[in-house]
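Chemist: Mind looking over this structure? Questions follow.
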Amino acid sequence: MSVKNGLVQLENLTSMENLSVDEVMGLIKRASAFKAGKADFALDEQTFASNLFFENSTRTHHSFHIAERKLGLDVLEFDAQASSISKGETLYDTVLTLDALGVDICVIRSGVEHYYEELVNSDNIHCAIVNGGDGSGQHPSQCLLDLMTIYEEFGKFEGLKIAISGDLTHSRVAKSNMMMLQKLGARLYFTGPAAWYSEEFDDYGHYANLDRILPELDVHMLLRVQHERHDSGESFSKEGYHTHFGLTQERAKMLKPTAIIMHPAPVNRDVEIADSLVESPQSRIVQQMSNGVYTRMAILEAILAGKKAK
């Protein structure tokens, strides 16, 4: 991984741990250039991408597809139920096969954390791996689009007060963001049920009372309650969660006028956030979705640049 002549070069993108501040800023600025229509890009040769999603997805899956098409890539959509996965073939053997067929980039989402390790460490798999989310592990492309959205608003990260609120333990978005936001100089707070907080997060910020810190925040980043990753009896009722931990209309009045509201979506309206706030003037939730296409264009361009530089 490196930055040359202002362009990032990546072999793979699996975790925010693997990215430097320079690479992150390079990707954000390149995504902004794509958004502004000021980025020149042309493929040198036919390039194939395949999107392998083993967990449901709307935003990540479709924005990667659109990004790939905008860059001129040939996209092979992958249906796990119609593939040899349904016959017992492993993910490794599936990617090995796609690589042998000539696929250049595999975008993968899996419920298995760190699934990508055996793929990127294989001597026989040469296609680039882009992690579209691995269980409760990492979600680097979501983190980068979140960072782009924050940077568009404030033009900096240093000194910003940011709260990440909700289902922290089960959220790959939270883990990717806390890791990089701290590195970029933001001051982080974590709020939500104590049962969904881990002491390992103390390395990045502080567990806080939401009502006390709301007036100080520049960014309030809400997280979806991930019922599908909970043990039985671990979840709250929708009404109870919204009352005690959600961004209600009354709590939103405590935010500074310049503060922004974010959520990686899908949104559980009237659970994490009041329905009326999802598309409110302070919300950047729709902007995050739009930025996902441009961020993923920048990621794919960096992957292609990395392959070319080999």
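For all residues, glycine too, the Cβ spot is worked out from N, Cα and C.
Found this in Swiss-Prot, in case it helps:
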- R59, T60, R109, H139, Q142, A265, P266: carbamoyl phosphate binding site (BINDING)
- K87, R172, R224: L-aspartate binding site (BINDING)
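Context for these features, please: burial, neighbours, distances.
Modeler: In the shown protein chains, 25 other C-beta atoms lie within 10 A of the C-beta of Q142 (carbamoyl phosphate binding site).
Mapped onto three states, the DSSP output places R172 (L-aspartate binding site) in helix.
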Chemist: Taking H139 (carbamoyl phosphate binding site) as the reference, which of K87, R172, R224 (the binding-site residues) have a CA within 10 A of its CA?
Modeler: R172
Chemist: Find the one among the binding-site residues K87, R172, R224 whose C-alpha lies closest to that of P266 (carbamoyl phosphate binding site).
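Modeler: Closest recorded candidate to P266 (carbamoyl phosphate binding site) by Cα: R224.
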Chemist: Count the Cβ atoms, other than its own, that fall within 10 Å of the Cβ of P266 (carbamoyl phosphate binding site), considering every protein chain shown.
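Modeler: There are 11 of them.
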Chemist: Can you tell me which of the binding-site residues K87, R172, R224 is spatially closest to R109 (carbamoyl phosphate binding site)? Compare CA atoms only.
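Modeler: Nearest listed residue in space: R172.
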